[in-house]
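Only one structure is covered here, and it is reproduced in the block below.
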Amino acid sequence: MITTSLRRRTAAAVLSLSAVLATTAATAPGAAPAPSAAPAKAAPACPQFDDRTKAAADRGVDVDRITPEPVWRTTCGTLYRSDSRGPQVVFEEGFHAKDVQNGQYDVEKYVLVNQPSPYVSTSYDHDLYKTWYKSGYNYYVDAPGGIDVNKTIGDTHKWADQVEVAFPGGIQRKYIIGVCPVDRQTKTEIMSDCESNPHYQPWH
């Protein structure tokens, strides 16, 4: 558990390096912090958007067709996706759903049977890549919204332990933080080869 947590923190540090440098560069050197008479305010809650497809790579997706009534994710934590495509493709194209027109819009049917759908799957679980290690890459995603699958259809289905967040219409490239390749022999991320996405745009 300690090793897993350490690797997760290391990957996050690698992928966040550019953001840290940008923040440092924006701070005037030698500037003293202004005194504050009032206590510091708490950090703002995760931004919420009326547009349920704000993250979508394909805006043609029709959320009104989604059944059952979806429970939308309202948190801002990092999500993860195992994928066989390398960053040279994903960083340029983002993640596109297989079929936003005629695919399976019913969330439960989509989850239980692998079939063309308007969704792109991600997970709350960083370590899920160890199950799908043959895919080769573990992508880090920072996108608004998405459907919390277990809260939508319950957590007793056979794939509940994947703690999935499904994105209707996929995920635009600007919401992908970066990627770590996976060693298929050891089922671990190759930390020295993690890459940050140059198109990533922090939004909160």
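First residue shown is number 1, and so on along the chain.
Every residue gets a Cβ built from N, Cα and C, even glycine.
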Motif 'PN (phosphate-nicotinamide) loop' range according to Swiss-Prot, out of 27-31, 77-81, 117-121, 132-136: 132-136
Per Swiss-Prot, cysteine bonded by disulfide to CYS76 (from CYS46, CYS180): CYS46
Where CYS46 (disulfide bond) sits in the secondary structure, as DSSP reduces it to three classes: coil
Neighbourhood of CYS46 (disulfide bond) by C-beta distance under 8 A, where only residues 6 or more apart in the same chain count: THR74, THR75, CYS76, HIS204
Cα separation, TRP132 (GDP binding site) to ARG81 (NADH binding site) (Å, whole number): 9
Residue among recorded positions ASP83, CYS180, CYS194 with Cα closest to the Cα of TRP132 (GDP binding site): ASP83
